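Asker: According to TrEMBL:
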- 7-73: domain 'Release factor glutamine methyltransferase N-terminal' (DOMAIN)
- 109-200: domain 'Methyltransferase small' (DOMAIN)
- G117, T118, G119, T120, G121, D140, N183: S-adenosyl-L-methionine binding site (BINDING)
- N183, P184, P185, Y186: substrate binding site (BINDING)
Amino acid sequence: MINYNSLVKKWAEELELYEIQEAQNLVEWLLEHHLGLRRVDMMHFLDEKDLPQSLLDDFARLKTGEPIQQIIGKAPFYGREFLVTKDTLIPRNETEELVHLIIKENPENGLKILDIGTGTGCIPITLSLEMKNAEVFATDISESALEIADKNAQELHAPVQFVKSDILKEEIPIEGLDILVSNPPYIPIHEKSSMHTNVVDFEPGLALFVPNEDPLLFYRKIAEAGKKAIKPGGRLYFEIHENFGKAVKDLLLEMGYSKAEIIQDLNGKDRIVRASMN
Ligand SMILES: C[S@@+](CC[C@H](N)C(=O)[O-])C[C@H]1O[C@@H](n2cnc3c(N)ncnc32)[C@H](O)[C@@H]1O
């Protein structure tokens, strides 16, 4: 027999790809998922030979660096759970901050909103559920991501309309927007070698990377298309790479947007740029 606490410690030491504190959190997350046990159950005793095979299989996957959200098939975002697969980016805390800002700054009723590059649909679904009578649309180039986003919308009862579209090649399919939001791919490919295995080996490259020589590619295309799609007085919200705040802000001002502003995340890093359409 082994108690919960000792099992967490023992397994965390086997997760060599992670720092010890993060490894412990991951083991606890897995034990909660499979056994319903939590940290408060630290004196609960377990017989290792009775642990379910599904838990042992998932622990073996965790050791390879596969993200726990992909292993258990879901990730938390803004107080709800979203299905995730290898085809969708795992929703991040920074994106919760982006969504929170939009909700806080736009209390009006019935706003028309579009999210470009939607992944799991975490942004439009949350906005649809948290804002008053918003009419919400979302696009992605990835058919498999859109399938998951649509499932999430159905499970969470969010009336979001999804459209397959390649923002680098096509115009924005909706006009008269009050809010255009995007967390597009923004990591220059040269950063790949310094990123954690659990991101580069398991999350979709299509969601993450941009060419080194043109890191603002998506911002330029979306802002260009936004000039037609956003109505006067409407707003554009971008999640950004911490190194490109000023570059994105300057780009938007050059393109005719006004009131461009860089907003930092909870870690004090430049993370959001917001601008208005005149
Ligand atoms: C950084 S992920 C963001 C996903 C989600 N919005 C989130 O915040 O968790 C970028 C998304 O853009 C999509 N994408 C990549 N290239 C695209 C393109 N050319 N047109 C539209 N979407 C694209 C990817 O499939 C991916 O879902």
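Heads up, the Cβ atoms here are built off N, Cα and C, so glycines get one too.
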Asker: Which of the three DSSP-derived classes (helix, strand, coil) applies to T118 (S-adenosyl-L-methionine binding site)?
Answerer: coil
Asker: Please report the DSSP secondary structure of D140 (S-adenosyl-L-methionine binding site), reduced to three states.
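Answerer: The three-state answer is strand.
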Asker: When the Cα-Cα distance from P185 (substrate binding site) is computed for each of the binding-site residues G117, T118, G119, G121, D140, which gives the smallest value?
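Answerer: That would be G117, nearest by Cα distance.
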Asker: In sequence order, which same-chain residues at least six apart have a C-beta under 8 angstroms from G121 (S-adenosyl-L-methionine binding site)?
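Answerer: Same-chain residues close to G121 (S-adenosyl-L-methionine binding site) (Cβ under 8 Å, separated by 6 or more) are F82, D115, A138, I148, A149, D150, N152, A153, A158, V160, F162.
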Asker: As a check: which entries in G121, P185, Y186, the binding-site residues, place their Cβ less than 6 Å from an atom of ligand 1?
Answerer: P185
Asker: Where G117 (S-adenosyl-L-methionine binding site) and P184 (substrate binding site) are concerned, what is their Cα separation in Å, rounded?
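Answerer: Between the alpha carbons of G117 (S-adenosyl-L-methionine binding site) and P184 (substrate binding site) there are 6 Å.
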Asker: I'd like the Cβ neighbour count for T120 (S-adenosyl-L-methionine binding site), meaning other Cβ atoms within 10 Å of its Cβ, all protein chains included.
Answerer: 26
Asker: Is it possible to get the count of other C-beta atoms within 10 angstroms of the C-beta of T118 (S-adenosyl-L-methionine binding site)?
Answerer: 31
Asker: How many helix, strand and coil residues does the domain 'Release factor glutamine methyltransferase N-terminal' (7-73) contain under DSSP?
Answerer: 46 helix, 2 strand, 19 coil
